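A short worksheet on the structure shown next.
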């Protein structure tokens, strides 16, 4: 009991808050959730649409922060010598996650949503936020499990949509109970950690890889999907997902649209016990465009969080002064942002035109507006570089999420789902482009004056 209390005490220590930047984003999203609860919209009275997106992001921030603390403790090199420490941390994380589940359920319960369904939705976020290969210090993480990563990101972006959340809220109690039992069991299994080997268990033989030459068609397809315009390859920015490849981003958008739409249609068909209709497919595909745009735009500002190699690139690369290097970084970012915005905007316009949910000219205007907002939103984290107090990973992460996650999904819904479109929505692209131009002019100077420490491996 004393060991567990000592482990719980660490969750109230300054180190816990300082080393987990996702807690900052969680606090911001909880504040927005509280504001939306106090000022409900008229479009969705007493529904989860008012809080769904920000409530989901707050859950992800809280659960990830708690999991980071747990994995930092139990995967420490010294933890293997203290079995009681691992057992105490295992009990402590259970207590904290239960408290987190109950406290984070309050906003949904205020709206009168069923407790079992609310806990089921939270448990999905809990299960995907506690993975040992995605959470905690990177230097202490095990090898990435690719299949699990695909499932995690698919579920995360799928249930980020308020439409999917509302579907789960209306699901029968036995489906919610089954989902809750499945996700909680997966979480308990994932959190179980034992650094000790079992001598009685023989190690499995390592299979020898069969080095067969790749098929010519597969090799050509891979090269085509990974091709980047030459100017984008000059600066080694982190290439998250397919943000640097035009065909790769287009293929990623198409796959995301098909998978998410199929899932929404299947869930609605199972819940209503009716065969899916063409109207349902059109509605689901249009609502999914927010996730498509968000998934494509999310990696664009990630290069600002990966500064560990900047001193070496500056010293060894043909850049000259620090200001020349930062201007080169922002030129590369501008090229990728414009390319991503154009592809995502035109993809959304073509999709709604083919679905017949919007006239072609209006769809083209909406696609161009979305492209401008994607470009402007990718510059939002640049606000953090103007002050040493805000030029930290936590603030940059919050601004990145607000711009790429929340802002783009909401704006896509305004353009392609709501009718009529609010007049202010058409003014936002102009402001976004003006903001991007100002940041492209001022941010490189501020970033050049900032401190670039030679950092240890990223946590």
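Including glycine, each Cβ sits where the backbone N, Cα and C put it.
Note that TrEMBL annotation is computational and uncurated.
As recorded in TrEMBL, the features of this protein are as follows:
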TRANSMEM  92-116  transmembrane segment
TRANSMEM  147-165  transmembrane segment
TRANSMEM  171-189  transmembrane segment
TRANSMEM  254-273  transmembrane segment
TRANSMEM  279-298  transmembrane segment
TRANSMEM  337-357  transmembrane segment
TRANSMEM  363-383  transmembrane segment
TRANSMEM  395-418  transmembrane segment
TRANSMEM  424-443  transmembrane segment
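Relative to the transmembrane segment (363-383), the listed stretch 337-357 leads the set 92-116, 147-165, 279-298, 337-357 in CB pairs under 8 A. Proximity of the transmembrane segment (395-418) to the transmembrane segment (279-298) is established through 3 or more Cβ-Cβ distances under 8 Å for residue pairs spaced 6 or more apart. Packing against the transmembrane segment (337-357) from elsewhere in the chain are residues 229, 232, 243, 246, 249-250, 253-254, 257, 282, 285-286, 289, 292-293, 296-297, 300, 363-364, 366-375, 378-379, 412, 415-416, 436: each is 6 or more residues past its ends and has a CB under 8 Å from a CB in it. Recorded stretches compared: 92-116, 147-165, 279-298, 424-443; the one with the most Cβ pairs under 8 Å to the transmembrane segment (171-189) is 92-116. Residues of the same chain lying 6 or more positions beyond the ends of the transmembrane segment (424-443) and with a Cβ under 8 Å from any Cβ of it are 326, 330, 334, 337, 368-369, 372-373, 375-380, 382-383, 385-386, 411, 414-415. Sequence-distant contacts of the transmembrane segment (279-298) (same chain, six or more residues past either end, CB-CB distance under 8 Å): 157-158, 160-161, 163, 240-243, 249, 252-253, 256-257, 260-261, 264-265, 268-269, 340-341, 343-344, 347-348, 351-352, 355-357, 370, 374, 377-378, 400, 404-405, 408-410, 412-413, 416-417.
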